[in-house]
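Visitor: Dumping what TrEMBL says about this protein:
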| type | residues | note |
| --- | --- | --- |
| BINDING | N185, E373 | Mg(2+) binding site |
| DOMAIN | 207-308 | domain 'Glutathione synthase substrate-binding' |
| BINDING | Q223, R455 | substrate binding site |
| BINDING | K311, 369-378, 403-406, E430, K457, E463 | ATP binding site |
Amino acid sequence: MPLPLKEDELQGLVSMAKDWALTHGITMRTADRPTSSEVTNYAPFLLLPSPFPERLFHQACAVQQDFNLLYHRVAHDHDFLQSTLQSVIKVDDYTKRLWEIYETVRKEGIKQPVSLAINRNDFMTDSQGRTLSTPEDVNTLGIKEIEFNTIASGCAALATQVGIFHRFIFERCGLKDKINKLPANTGVSDIAGGMVQAWELYGNKEAVMLFLTETVSRNIFDQRWLEWGIYEINSKVKVLRRSFDQVYRKSQLTEDNKLILEGHEVGVVYFRCGYSPNDYITEEDWTTRLRIERSTAIKCPNIYYHLAGAKKIQQELGRPGVVERFIQDSEAVKRIRATFAGMYSLERDAEGDAAVAMAMENPFKYVLKPQREGGGNNYFGEDVRKVLRRVLDSDERMAYILMERIHPVPFQNYVLRAESPVQPNTMLSELGVFGVLIGTSDHIITNKQCGHLLRTKTSDINEGGVATGTSALDSPYLV
Ligand code: ADP
Ligand code: MG
């Protein structure tokens with residue numbers, strides 16, 4: 001479709017798009033009433049699907065099982081977790097607390113050998129700063145991993161709905177012959193399938209599934225879609241949505257470590273919070289996390305998977321020979337490594353000093369990342385220099401890693417965001433690929449790729465998160 005669209009055509013599509021979103025659950029609670037479902041809005045999304053190189057889309061999907069396996073093995077490698085995270089634990093209180101829970105349950109003996117991982121691997125196309133003037137230029141692009149998420153990897157459901165909407169709008173606009181360039185997204189049903197499988201493995205038909213949620217959850221409908229997906233696969237499952245505080249007050253462990261919540265045994269715990277220090281407001285919240293980790297419930301993720309998702313781990317995997325420690329298949333190693341961007345440790349040694357000097361010299365070429373999830377925590381551009389200057393001579397710098405900044409290829413599209421004007425914008429995308437892995441330390445039961453999420457933001461924004469309001473839901477148009 002040639003952009004920009006004519007004004008009357010645009011207005012017609014926009015009003016159709018908003019109503020389609022509201023009638024098909026591309027929804028979020030409002031900023032004014034974030035705990036109420038009485039008034040809702042459409043979640044921010046793109047009017048049209050955004051161009052994404054077909055080759056790179058398939059490359060990102062094809063490497064998911066390799067990454068699932070890599071992180072599964074990392075999560076189960078105590079020595080590696082310890083040696084990699086020890087410097088971070090010294091200076092980052094949040095990681096330290098997670099580590100203490102891990103150490104406690106490890107010493108007591110892990111009561112549930114099965115892990116359920118719902119991962120999302122995030123990528124950007126890497127233009128290396130070049131502009132693309134001919135279609136052939138697309139062939140010179142690569143794809144780079146931004147981060148690997150092992151906890152609360154969200155938006156699969158809303159992304160699935162946006163993909164369906166984009167098919168609809170193509171049909172309405174007479175572009176039916178191009179629909180085969182809009183890849184189907186099986187995110188919700190695949191992920192729900194993994195959760196049901198884990199519940200079945202738990203082996204008690206009376207057990208409930210606990211969604212651990214924030215008390216204020218604007219993105220509740222994305223989670224509800226997953227819940228509906230679960231019921232569709234197995235109507236016997238009962239999902240309870242509860243906060244840390246509710247679980248603290250209404251649950252206990254039995255002598256044989258079963259987690260009993262409001263009288264029901266819990267078979268699976270799915271964390272949609274607990275990934276940020278802000279989720280642990282009171283000591284009771286930490287007590288609750290420990291109680292869950294001590295239990296026989298299958299956790300998504302368990303504490304060692306949570307730790308494996310630290311950015312420090314991602315940086316360490318970038319070192320020569322480290323992926324090879326976990327993956328023997330040399331083709332799989334190549335597939336994984338082909339997506340690695342430059343990552344640098346900021347430890348207090350010669351290597352760390354060199355990375356600091358490099359970033360101070362050229363801060364716009366790097367992103368400075370603490371061990372945090374959920375968006376809004378990284379430093380870009382001049383802020384990289386500011387923070388490094390502050391932590392230069394202290395151990396505090398070990399809490400961060402430095403990453404090469406990736407520049408995806410820009411394009412034009414329209415964002416629909418509640419109460420905001422719709423206008424053509426220069427945009428950038430980040431592709432997330434979902435994966436499910438179920439297994440014990442030495443036995444893989446399921447390992448699959450499960451749909452995708454495209455998130456798009458205007459090119460002037462550094463970070464992008466849908467829940468944080470900086471990026472919007474999208475789907476790829478393969479070019
Ligand atoms: P979080 O765990 O908080 O989501 P991410 O590492 O995913 O942290 O970074 C948040 C956002 O910052 C990403 O979604 C992306 O928009 C931007 N970002 C992160 N790393 C890079 C990078 N190396 N180059 C360009 N942008 C990045
Ligand atoms: Mg992220």
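Glycine is treated like the rest: Cβ placed from N, Cα and C.
Remember, it's a predicted structure, so these values are computed and weren't measured experimentally.
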Visitor: Which binding-site residues (N185, Q223, E373, R455) fall within 10 Å of K311 (ATP binding site) by Cα distance?
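Guide: If one measures from the Cα of K311 (ATP binding site), the binding-site residues that come within 10 Å are E373.
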Visitor: Can you tell me which of Q223, Q371, N377, our binding-site residues, come within under 6 Å of ligand 1 at the Cβ?
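Guide: Checking each Cβ against ligand 1, the ones under 6 Å are N377.
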Visitor: What kind of secondary structure is N185 (Mg(2+) binding site) part of, going by DSSP in three states?
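Guide: In three-state terms, N185 (Mg(2+) binding site) counts as coil.
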Visitor: Return only the integer: C-alpha distance in Å from N377 (ATP binding site) to Q223 (substrate binding site).
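Guide: The separation of the Cα atoms works out to 24 Å.
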Visitor: Quick check: of the binding-site residues listed here (E373, G374, E404), which one has the Cα closest to that of Q223 (substrate binding site)?
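Guide: Its closest listed neighbour, by Cα, is G374.
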Visitor: Among the binding-site residues N185, Q371, E373, G374, E404, E430, which ones place their C-alpha within 10 angstroms of the C-alpha of R455 (substrate binding site)?
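Guide: So the list reads E430.
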Visitor: Which residue counts does DSSP give the domain 'Glutathione synthase substrate-binding' (207-308) for helix, strand and coil?
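Guide: Summed over the domain 'Glutathione synthase substrate-binding' (207-308), the classes give 42 helix, 26 strand, 34 coil.
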Visitor: Check each residue in the chain of N185 (Mg(2+) binding site) that is at least six apart in sequence and keep those whose C-beta is under 8 Å from its C-beta; list them in sequence order.
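Guide: In sequence order, A159, T160, G163, G451, H452, S475 meet the Cβ cut-off.
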Visitor: Does DSSP give K311 (ATP binding site) helix, strand or coil?
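Guide: SS state of K311 (ATP binding site) = helix.
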Visitor: Taking the binding-site residues one at a time (Q223, Q371, N377), which has its Cβ surrounded by the most other Cβ atoms within 10 Å?
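Guide: When each Cβ's neighbours within 10 Å are tallied, Q371 tops the list.
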Visitor: For the binding-site residues listed here (K311, E373, G374, E430, R455), which one has the lowest count of neighbouring CB atoms within 10 Å of its own CB?
Guide: G374
Visitor: With an 8 Å cut-off on Cβ-Cβ distance and a minimum sequence separation of at least 6, pull the same-chain contacts of E404 (ATP binding site), or say none.
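Guide: Once residues fewer than 6 apart are set aside, E404 (ATP binding site) is near A341, G342, M343, K365, Y366, V367.
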Visitor: Do you know offhand how many angstrom separate E373 (Mg(2+) binding site) and E430 (ATP binding site) by C-alpha?
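Guide: Cα of E373 (Mg(2+) binding site) to Cα of E430 (ATP binding site) measures 16 Å after rounding.
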